[in-house]
Structures are given as structure tokens and as C-alpha cells.
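Visitor: Have a look at this one.
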Amino acid sequence: MSEQSFQTLGEFIIDKQEDFLYSTGELSRLLSAIRLASKVVNRQVNKAGIADIIGKVGNQNIQGEEQQKLDVLANEIFIEALSQREVVCGIASEENDDFIEINTHSNAHLSKYVVLIDPLDGSSNIDVNVSVGTIFSIYRRVSEPGTPVVLEDFLQKGVNQIAAGYVVYGSSTMIVYTTGNGVNGFTLDPSLGTYYLSHPNMQFSRTGNIYSINEGNYVHFPQGVKDYIKFCQKEEEDRPYTSRYIGSLVSDFHRNMIKGGIYIYPSTSQSPTGKLRLLYECNPMAFLAEQAGGKCTDGFQRIMEIEPTELHQRVPFFCGSYDMVEKAEEFMKNAHPQS
Ligand code: AHG
Ligand code: MN
Ligand code: MN
């Protein structure tokens, strides 16, 4: 981009508020809180190597995963920003066993929104200075405002999402989000601390030539996925495809959306539901993917139509350029049941 864009994220959020009928500005305030928290996390990520925040905390989260110091810090920063600004009535996070009710402030109970968040995605990449991210998903509560939030407020199908997005702390820091009217990306100018619209109306190309999957697990994959990988590697007009896997969903998704590609985290013989979490990883990415003209399924069914039963539920995940995901689904359907 040769010309500097002068539309800031703050202005964009306010401009778009008018798209929502009877808008009270609550969603705008919520997005602004996320914008602020992302800058604070960005500052920490950037100085991780010198601030003694690299490495493990020494305990595991509910999913049996080792918590990194930055996982915990990013979680605290987002929860703090969202609760202090009184913009949500509840938060569910990868790093907390249960959802959190926000009731420290007088108005918080009256907020109609809940947020689900993966505060730091790809955290195993922190120690080696590789891009990480934050993923968020916003719903309108189903229970009555003014009463305590309940589990059902969080266990909603992805199709009910009001907004979703991610922050990628990469070679530059970006926020990419949707409120159901397309996907827009904003790049942080670190010297000013301001996000500017840099990627308006982001779109997945219909097909692409990148496949992203942890192939080290190949022997544990379902037959359909093995067959699809062989298809990707076959010598044909536009193949073999290129293999790219960063190991942080946000970064892999971001690259694939810009260049065209597919990301797969399938079921494996050891974890039949895969690794990624439906509510704060897969659903928000699915909303973004569909808004950008892509496709997102568990290999058979649309991610956003899955009825959640648990906060930390996992699902197999196929996401990216529409035709590529459709092709992978075809292999899943045709394959023999997993042996
Ligand atoms: P998180 O750091 O939030 O636990 O997420 C890590 C996820 C995801 O970002 C990434 O794509 C995937 O785990 C990588 O898993 P493998 O190391 O099994 O490939
Ligand atoms: Mn994650
Ligand atoms: Mn995480």
C-alpha cells in the first residue's frame, strides 16, 4: 500500500454503528474495549523477551494444556478491560474453567452482551518469536438482562454471533473483525498507537494453493484427510499445493484468507474431536470465513450450526477457500470409516 489510509478503527466503529437498527452504542463500546486491550497485549508480546514473561506458569488449564505466562497475562488484560468498561455481562475464556459473571459494576448486569475469548492463540510460539493472536466472539445473552448470566448465554450456535474477530501480533499487529457485513482489517501504527483501515472488505479467493495441517499426525488422521492430503500433493495442472503451517490458528487463517488456502485440524485416533475449541476458536473463525466468502465445516457439517453442549468443547475443523473445503468434504464423505 503506497498511500496511507486515514480511517481509524475508532472512526470506523462509530460509522458502522448506524448499520444496526436501534443501536445504543453498546457494541461500539465493547469493540473499543477489545481494541484497547489488544494494544496492551501487543505491548507485552513485543517486549516478551526482556520482561521475564516468556515461559510456563507451571500449571495447566482445564484442558490439560500448559499455561504460558503470556496466556495468563493476556487473559487478565482482556478481562480487566472488558469488565472495567462495563460493556459485557459475562466472559468465557480458554484460560478459565467456568464463565465469569461481570457484576462488579452497577451497569454490568444490564449489558446484553457476552464475550468468548482465546486471549492468546498459538502460545507455544511465544518463546520463539513467532506470530500469536487473540480470538473473540460476541453474542447477545439469551437470559434476561439484569439477572445473573447463565451457561446458556454462552452455549449458543455460531450463527447467533453478533461480531467476531481476531488480533494477529505479527510482523505488524492487525485487528480483523466482522459484525456480519463483511470482514475488515486494521493495522496498528505502533508510533501513534492507532489502528488504521488497511484491508477493507477482505475475501477468500474461491480456491487457492496452500494447505495447512500438522502433517506430523498423519498416521492418526481419518482416511478422508489422508486422501485429501495426497490429492493436494498430486502433480496436476495447479498442484502440488504448497504446505504452510505456523501452528497458530490466527496466523494460518490470516495468511490463507489473503493468499487462498485451506486449514485443517481434523479428528485424530487419539483425539476424536480434534484439538480446536468450538466456542472461542472455531465459531469466530467460521463467521469470519463465511463473511469473507469462504467455508468452514467439521468435515461434514457447517461449524456455525453445531449445537454446543460444553464451554470447552472441541470439534474437527476444516476452514478456508470455498472450493478447497468442499473438495476436502468430498474426500471425507467418500472415505471408509476411520480404521
Ligand atoms: P492455543 O495456543 O490457544 O492453545 O491454541 C493452539 C492451537 C492453534 O492455534 C494451532 O493452530 C494449533 O493449536 C496447533 O496445534 P498442533 O501443535 O497440534 O499442530
Ligand atoms: Mn488457540
Ligand atoms: Mn490460547
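The first residue you see is number 1, and the count goes up from there.
The backbone N, Cα and C atoms fix where each Cβ goes, and this holds for glycine too.
According to TrEMBL, the domain 'Fructose-1-6-bisphosphatase class I N-terminal' annotation covers 8-200. The Mg(2+) 1 binding site annotation in TrEMBL covers GLU94, ASP118, LEU120. Per TrEMBL, the feature Mg(2+) 2 binding site maps to ASP118, ASP121, GLU281. The substrate binding site annotation in TrEMBL covers ASP121, GLY122, SER123, SER124, ASN214, TYR245, LYS275. The domain 'Fructose-1-6-bisphosphatase class 1 C-terminal' feature in TrEMBL is assigned to 206-333.
How buried are the listed features, and what sits near them?
Guide: In the three-state DSSP reading, LEU120 (Mg(2+) 1 binding site) counts as strand. In the structure as shown, the Cβ atom of LEU120 (Mg(2+) 1 binding site) sits within 10 Å of 32 other Cβ atoms.
In the three-state DSSP scheme, GLU281 (Mg(2+) 2 binding site) falls into the helix class. Sequence-distant contacts of GLU281 (Mg(2+) 2 binding site), defined by Cβ-Cβ distance under 8 angstroms and a gap of at least six in the same chain, are GLU94, ASP118, ASP121, ILE135, LEU249, PHE317.
A coil conformation is recorded for TYR245 (substrate binding site) in the three-state DSSP classification, outside any helix or strand. Taking the Cβ of TYR245 (substrate binding site) as centre and 10 Å as the limit, one finds 16 other Cβ atoms among all the protein chains shown.
In the predicted model, the domain 'Fructose-1-6-bisphosphatase class 1 C-terminal' (206-333) shows an average pLDDT of 98.
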Visitor: Whose Cβ, among the binding-site residues SER123, SER124, ASN214, has more other Cβ atoms within 10 Å than any of the rest?
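Guide: Per the Cβ count within 10 Å, the most buried is SER123.
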Visitor: Any idea what the Cα distance is from TYR245 (substrate binding site) over to LEU120 (Mg(2+) 1 binding site), rounded to a whole Å?
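Guide: Distance between the two Cα atoms comes out at 18 Å.
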Visitor: Work out how many Å separate LEU120 (Mg(2+) 1 binding site) and ASN214 (substrate binding site) at their Cα atoms, rounded off.
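Guide: Per the Cα atoms, LEU120 (Mg(2+) 1 binding site) and ASN214 (substrate binding site) stand 19 Å apart.
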Visitor: With Cβ-Cβ distance below 8 Å and at least 6 positions apart along the chain, what are the contacts of LYS275 (substrate binding site)? List them in sequence order.
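Guide: Residues satisfying the criterion: TYR265, ARG314.
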Visitor: For the binding-site residues GLU94, ASP118, LEU120, ASP121, SER124, ASN214, which sit with their CB under 6 angstroms from an atom of ligand 3?
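Guide: Near ligand 3, sequence order: GLU94, ASP118, LEU120, ASP121.
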Visitor: Work through the binding-site residues one by one (GLU94, ASP118, ASP121) and point out the residue whose CB has the fewest other CB atoms within 10 angstroms.
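Guide: Output over binding-site residues GLU94, ASP118, ASP121: least Cβ neighbours within 10 Å is GLU94.
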